[in-house]
Amino acid sequence: MSLNIHVIKDKILSENWFVLRNMTYELTRADGSVVRHKREVYDRGNGATVLLYNRHKQTVVLVRQFRVATWVNGNHDGMLIETCAGLLDNDEPEACIRKEAVEETGYEVGEVRKLFELFMSPGGVTEVVHFFIAEYSDAQRTTSGGGVDDEAIEVLELPFSQALQMVADGEIRDGKAVILLQYLQTSGLMSGNSDKSD
């Protein structure tokens, strides 16, 4: 379906943290009909996320931190278990996840594998998230992690089977984490032990 888009108004409502804009636009459909819409669009930049996994130990590394938006929407303590992630700012996606992995988890990852790029909330948020996986070993842990400044991130090294059960039980509710854990499950990467030693 081909659409012709004509922006009527694009007004910035806030630039306090990221950019919130109010847009009025018309869509001309393939049949020639025109529909006018008014929407708010939140531009927070693009991001990247990585799931660290160890085939030999059958473990994954996740993080737990407070997310105020989840608390507002009924998450009783606001704590969320997630994959390591961050906004790109001016970095390339791979550079971003390497930096975030050290800051949040303490691991300096080696080879990383990019899987895909996804819109996570396309109804009103512009962000595209770049998804990665990377194998880790105990020898790659150079710091305790925990994030920077006041992030207070808890690092969780969990058995892969436990992480999958936590998804099934609703304990892991972060979309990034669910997608990457299920990818790891269906890919067969965790079906056998790695030849690498820790």
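Positions of Cβ are set from backbone N, Cα and C atoms, glycine also.
For the Mg(2+) 2 site, Swiss-Prot gives Glu100, Glu104; the one candidate out of Glu117, Glu127, Glu135, Glu151 that the record lists there too is Glu151. The residues of the motif 'Nudix box' (86-106), classed with DSSP into helix (H, G, I), strand (E, B) and coil, number 13 helix, 2 strand, 6 coil. DSSP states for the domain 'Nudix hydrolase' (43-180), grouped as helix (H, G, I), strand (E, B) and coil, give 36 helix, 50 strand, 52 coil. In terms of local Cβ density within 10 Å, Glu100 ranks first among the binding-site residues Glu100, Glu151. Each of the binding-site residues Ala85, Leu87 was scored by the other Cβ atoms within 10 Å of its Cβ; the lowest score goes to Leu87. Sequence-distant neighbours of Glu127 (GDP-alpha-D-mannose binding site) (same chain, six or more apart, CB under 8 Å from its CB) are Asp43, Arg44, Gly45, Asn46, Gly47, Phe119, Met120, Ser121, listed in sequence order. Glu100 (Mg(2+) 2 binding site) is 9 Å away from Leu87 (GDP-alpha-D-mannose binding site) when you measure Cα to Cα.
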